[in-house]
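What Swiss-Prot lists as transmembrane segment is 4-24, 53-73, 80-100, 113-133, 145-165, 176-196, 202-222, 228-248, 253-273, 318-338, and the listing cites sequence analysis.
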Amino acid sequence: MLTTTIIAGIISFILTILAMPFFIRFYQLKKINGQQMHEDVKQHLAKAGTPTMGGTVFLLVAALVTFICAFVLHITGGPAFGATLAILFIVLIYGTIGFLDDFLKIFKKINQGLTAWQKMALQLIGGLVFYLVHVKPSGTDSLNLFGFPLHLGVFYIIFILFWVVGFSNAVNLTDGIDGLASISVVISLLTYSVIAYVQNQFDVLLIIISMVGALLGFFVYNHKPAKVFMGDVGSLALGAMLAAISITLRQEWTLLIIGIVYVLETASVMLQVSYFKWTKKRKGEGQRIFRMTPFHHHLELGGLRLRESGKKWSEWQVDFFLWSIGLLGSLLILAILYL
């Protein structure tokens, strides 16, 4: 089982590396207008036109490798892979939502893609189906908090929807500079691979390692200067995948710390908007806490200082800083669980 899982990761890595140049070349040959830039970070303007929707490639590779390996293992006497298929299902559902959003922006020239309400409705439907086909049959209606069950009853459905939709959008916000989201998710997935291994949930481990391999292959083309971006098709799917894995492993709360980067990025946006509206109402003029949100843009424009102007950070500096925070959060969780 473990050997097959490792092989799956290696195959995903190789296939993604081999397939991505054809995807990029397709963009160039068809003269498709890629990523649009409407940001105040001037150094990002040079990225306009970079091929996007690269998540289509690594999602399909990871899904194909996972499905084939799960099928082969099952017919050769291995366990059932219900959890694998459930997680794969929500990955593809959210990937499809992201694909539709990207497609409308890039090919139909609809700047906003799906409206916020359309996207939210589709995400909620995807989360609800995941609950009905995977969570509800298990009879679970409680959160596992340090080994103690917190029974939520009917509110557990609301939690599932909030968790999946919330982290899907959180990873989407994180995907704002070259390589940040891809390696942040790799760190999170590797942490959950340890938890899955300890729990002997090799069905979950299989899809985790397959996706890690595909993401590392994608990073070869996504690190600065990026030759391709993952797009909403990739980021929405990855966020939903992390939420689904945490639910399946009964370690939901750990995602708040393992995914501290996504939480920080989302919190910065919420704080910025709330504070701006509050100060505008109180003082007649909106004020900001951060130079720009999500948080990675704040770092780019002047480092950690809030209102004072500091030295601008390069994308690599921002990447390594936030990757380090994600790694520390992951190590903290493993220490809490197993030391």
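A Cβ is built for glycine as well, from the same backbone N, Cα and C atoms used for every other residue.
A Cβ distance under 8 Å defines the sequence-distant neighbours of the transmembrane segment (253-273), meaning residues of its chain 6+ beyond its ends; these are 143-145, 163, 166-167, 169-171, 173-174, 184, 188, 191-192, 195, 239, 242-243, 246, 288-290, 293-296, 298, 322-323, 325-326, 329-330, 332-333, 337. Here the transmembrane segment (80-100) touches the transmembrane segment (202-222). Their Cβ atoms form 3 or more pairs under 8 Å, with each pair 6 or more residues apart.
Long-range contacts of the transmembrane segment (145-165) within the same chain: residues 90, 120, 123-124, 126-128, 130-131, 135, 240, 243-244, 246-247, 252-253, 255, each at least 6 residues beyond the stretch ends and with a Cβ under 8 Å from a Cβ of the stretch. Between the transmembrane segment (318-338) and the stretches 176-196, 202-222, 228-248, Cβ pairs under 8 Å are most numerous for 176-196.
Through the fold, the transmembrane segment (202-222) approaches residues 1-2, 4-6, 8-17, 20-21, 24, 54-55, 57-59, 61-62, 65-66, 69-70, 73, 79-84, 87-88, 91, 178-179, 182-183, 185-186, 189-190, 192-193, 196, 228-230, 234, 238, 241, 245, 248-249 of its own chain, all at least 6 residues removed from its boundaries and within a Cβ separation under 8 Å.
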